[in-house]
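A short worksheet on the structure shown next.
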Amino acid sequence: MDFDTITSISTPMGEGAIGIVRLSGPQAIEIGDILYKGKKKLSEVETHTINYGHIIDPETNETVEEVMVSVLRAPKTFTREDIIEINCHGGILTINRILELTMTYGARMAEPGEYTKRAFLNGRIDLSQAEAVMDFIRSKTDRASKVAMNQIEGRLSDLIKKQRQSILEILAQVEVNIDYPEYDDVEDATTDFLLEQSKRIKEEINQLLETGAQGKIMREGLSTVIVGRPNVGKSSMLNNLIQDNKAIVTEVAGTTRDVLEEYVNVRGVPLRLVDTAGIRDTEDIVEKIGVERSRKALSEADLILFVLNNNEPLTEDDQTLFEVIKNEDVIVIINKTDLEQRLDVSELREMIGDMPLIQTSMLKQEGIDELEIQIKDLFFGGEVQNQDMTYVSNSRHISLLKQARQSIQDAIDAAESGIPMDMVQIDLTRTWEILGEIIGESASDELIDQLFSQFCLGK
C-alpha cells in the first residue's frame, strides 16, 4: 500500500528536556537529507542508528538546532515505512520551526493516530492491537498497562484467529456435505464435527466474556462515587484513599463545590474515585451546580460509597439520598468514629438491609484497610485475577463477542434441529465475520477511521 510522507510532533507541547519530530513514509529519509547536516547523509547511515548533527534551514543556511536523528528503515519499523525521528531541545519555538521545515520540503501533517493506522494498514498490527496501544497510553495503573501490553503482544488476536480458523475447518466440512448429499455417513460425521467444534468455540467465547467485567474495570477504572451530606468526611476519605491532600477539608459544610476526580490503585483494583459536593437543598448558586453534577456522577457510578456522620443521628436528607442509591452497588460508611456516637446503628441497619457497612475515622486513618478489602470483595470476590490472563476490556470487543456467541448458538440450534447444512453455513459464516471485526479483518473503513481519530496527534 502506497502512502505519502507524514510528519508531526510526538512529544507534549511546552518546555521540556527534549522534543521529537517524527516522519514516516517514502520521502522521510530524503527530507531528512535536505534538513540534516552531519558526518554522513541520513541516506548513507546504517538503519536503526542515532546520528548527531544539526538541522539547517536550506534557504538561509542558518543553523536551526543541534539534534540527534534516529534512522529506521522499512520494513522493521512501527509503520513498516521509513521513519526518522528528530530529537531536539524541548521548547515550542524550535520544535515548531523544525516541523514547518519538514512540511516545506514535502511532508504532510499527520492526522491523529495516523502512524498507528499505517501500522495496521501495512499489516504490522491488527485492529485489536492498535486499540490496545491507546489503552496502554491511557492506563492509570500498573495492572491496566500490563493488560494492555498483553493485547498489544497479540494474546487476544491469537485466540480470535484460532477461533476463526476452526470455523473455516467446520465450513470446509460443511461444503463436503453440501457437495455430496447422497452420503448419509458424511452428513452424520459433519453434524457431529460441527456440533463438537461449535460448542468448543462458544465455550471459549464465554470464557473471554467472563473476563469482560474485570477487564473493563482494568481499562477504565471502577467508577466510584463518594456521596453523603455536606461535612460528613467525603473529602477526607478521598484524601486518605489517594494518600494526598487534593480535596480541601474544613469544618464548613459545602466546602466542596464541584466534582473532584482522581485515579487510585486499591489493592490491585483501579478506582476512578469521584468526590462529590454534598447533596442537599441549597440556595447557593455555585453549590447548587455542584449538587447537580453530583447527581449526574451518581447515575454513572459502578460503586457508591455512602458516608454518614457517627456524631449525628440519621436525617431526612440521609434517608432521601439513600432512596436515590439503594438499588446500586453501595458500601455504607459510618465516619467520625473518633467522636461521640449519636447515630443509631440498628436504625441504620434496618434502612440499608444487608449492604456492607464499614466504620471509619478518617481523622485517625482507621477503617481504611477494611474499606479497601470490602471494595475488592464486592467486585472481585476478594481476589483480582492474574494480570497475565487474556482480558477483554474494550466495549466494542465485548459487544462483538456477544454477537458471535449468539450467532454460533444459532448454528448449533440449527444443526441439532436437522436444518439443511447450507442454512447452518450462513450462521457459521456470520460468526466468522463478526470475529473478524475484532481484529479488523472485516471492519468497515468508517469504523477504522473513527477508531483511529481517537488517538493523539503523533501516535
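Using the three backbone atoms N, Cα and C, a Cβ is placed for every residue, glycine included.
Among the features that Swiss-Prot reports, (6S)-5-formyl-5,6,7,8-tetrahydrofolate binding site is placed at Arg22, Glu85, Arg124, Lys459. Non-local contacts of Glu85 ((6S)-5-formyl-5,6,7,8-tetrahydrofolate binding site) by the CB criterion (under 8 A, 6+ apart in sequence, same chain) comprise Ser10, Ile20, Val21, Arg22, Leu23, Val69, Ser70, Leu72.
What Swiss-Prot records for Asn231, Thr250, Val252, Thr255 is K(+) binding site, and it gives sequence analysis as the kind of evidence. Following the DSSP three-state reduction, the secondary structure of Asn231 (K(+) binding site) is coil.
The 10 Å shell around the Cβ of Asn231 (K(+) binding site) contains 20 further Cβ atoms across the protein chains shown. According to Swiss-Prot, the GTP binding site annotation covers 231-236, 250-256, 275-278.
Of all Cβ atoms in the shown protein chains, 24 besides its own fall within 10 Å of the Cβ of Ser235 (Mg(2+) binding site). Annotation source Swiss-Prot lists Mg(2+) binding site at Ser235, Thr256, citing sequence analysis.
Residues annotated as domain 'TrmE-type G' in Swiss-Prot: 221-380.
When the neighbouring Cβ atoms lying within 10 Å are counted for each of the binding-site residues (Arg22, Arg124, Lys234), the highest count belongs to Lys234. Across the structure, Lys234 (GTP binding site) and Arg124 ((6S)-5-formyl-5,6,7,8-tetrahydrofolate binding site) are spaced 48 Å apart at their Cα atoms. Confidence over the domain 'TrmE-type G' (221-380), given as mean pLDDT on the 0 to 100 scale, stands at 78.
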